[in-house]
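*Asks:* Mind having a look at this structure? Questions to follow.
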Amino acid sequence: MHCPVIELAQQLIRRPSLSPDDAGCQAILIARLQALGFTIETMNIGDTLNFWAWRGKGETLAFAGHTDVVPTGDVTRWNNPPFEPTIRDGMLYGRGAADMKGSLAAMVVAAERFVANYPQHEGRLAFLITSDEEASATNGTVKVVEALMARHERLDYCLVGEPSSTEVVGDVAKNGRRGSITANLTIHGVQGHVAYPHLADNPVHRAMPALNELVATEWDKGNEFFPPTSMQIANVQAGTGSNNVIPGDCFVQFNFRFSTELTDVMIQQKVQALLERHQLRYSIEWKLSGQPFLTSRGKLVDAVVNAVEHYNEIRPQLLTTGGTSDGRFIARMGAQVVELGPVNATIHKVDECVKAADLQLLSRMYQRIMEQLVA
């Protein structure tokens, strides 16, 4: 069976684009978009490839995505080589099938069909594509957004193709995401011999009451759109490896996934007040990965709901759960941002796969969103 969405997805999967290596994926997408009359602007930074493409003028709907994928893990555990796309029992297998080369294929084919039907469409259709989402996300979408904002580029709506669905395509759309901030905390003590604790100051012992309080704290209660803020300790390191040395320092790394009830500044202030209360000698560094964002009901959310209902006869849940995505950068432009993509059950796993029929459905949903917003 000839299906342009599946064929393009297979083309992309064949390219081992381990983040941030694009491995030629964007050249394929650019060629398809240029054939439709899109203007292409590449914005390559270091080892990261990015492009911004647009067609038409006026109110702007952008489709955003990434060509990079995560490592495969042990390839011997895959039923088929991860970069040799295979269809078996109606499922398309391969690294990136769900996250997110399937979405990219669905977007581009949707654009081809849309332009064929509306060659003189009224609004502007755009694409923002990067090869740096899965790894550091430092030279990708965030840098493109900064460049677009610097020149006051218009962006009204953005559909991110992240795999948002859980059971069937379109059952969940993400209309926001929690913020993420990480603390790298070092508690300072005095190294010494375990037999002479009075001559040392054990930073692990010092840290434990403070860490207990951190874990027990209710940071907020969440709200209508977001679950309560969560704090998780990710790494703890101390000691020399010897059983007779009291360590001099204790390193603790912890991360907050926070709702719109808090800001990153409020979190930092609360943590530092807690550490001061416990009279610790410490140093702390913070890394903000993204602020929370929320897209309320409006034209984009309504268009997404309409498209899903039309093609899959279900009403999508609007959720803000999960990790961060590049939507956090795009939201800075004041755009309405929604994520809609395939089922995420196998993303980052061995034998990543997606229903071939889901990608065909997804492409039709994307096309209908285009028709509602920029036709």
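Including glycine, each Cβ sits where the backbone N, Cα and C put it.
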*Asks:* Name the one residue among Asp89, Asp99, Asp171, Asp302 that Swiss-Prot lists for the same Zn(2+) 2 site as Glu134, His348.
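*Replies:* For the Zn(2+) 2 site that includes Glu134, His348, Swiss-Prot also lists Asp99.
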*Asks:* Taking Swiss-Prot at its word that Asp99, Glu162 bind Zn(2+) 1, choose the one of His66, His198, His205 listed for that site.
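*Replies:* Matched candidate out of His66, His198, His205, per Swiss-Prot for Zn(2+) 1 with Asp99, Glu162: His66.
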*Asks:* About how far apart, in whole Å, are the alpha carbons (Cα) of Asp99 (Zn(2+) 1 binding site) and Glu134 (Zn(2+) 2 binding site)?
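*Replies:* Just about 10 Å between their Cα atoms.
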*Asks:* At the level of the C-alpha atoms, what whole-angstrom distance separates Glu162 (Zn(2+) 1 binding site) and Asp68 (active site)?
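*Replies:* Rounded to the nearest whole number, the Cα-Cα distance is 12 Å.
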*Asks:* An 8 Å radius from the center of the Asp99, Glu134, His348 Cβ atoms defines the neighbourhood of the Zn(2+) 2 site; name the other residues of that chain inside it, in order.
*Replies:* Val69, Val70, Gly96, Met100, Ile347
*Asks:* Round to the nearest Å and give the CA-to-CA distance linking Asp68 (active site) with Glu134 (Zn(2+) 2 binding site).
*Replies:* 7
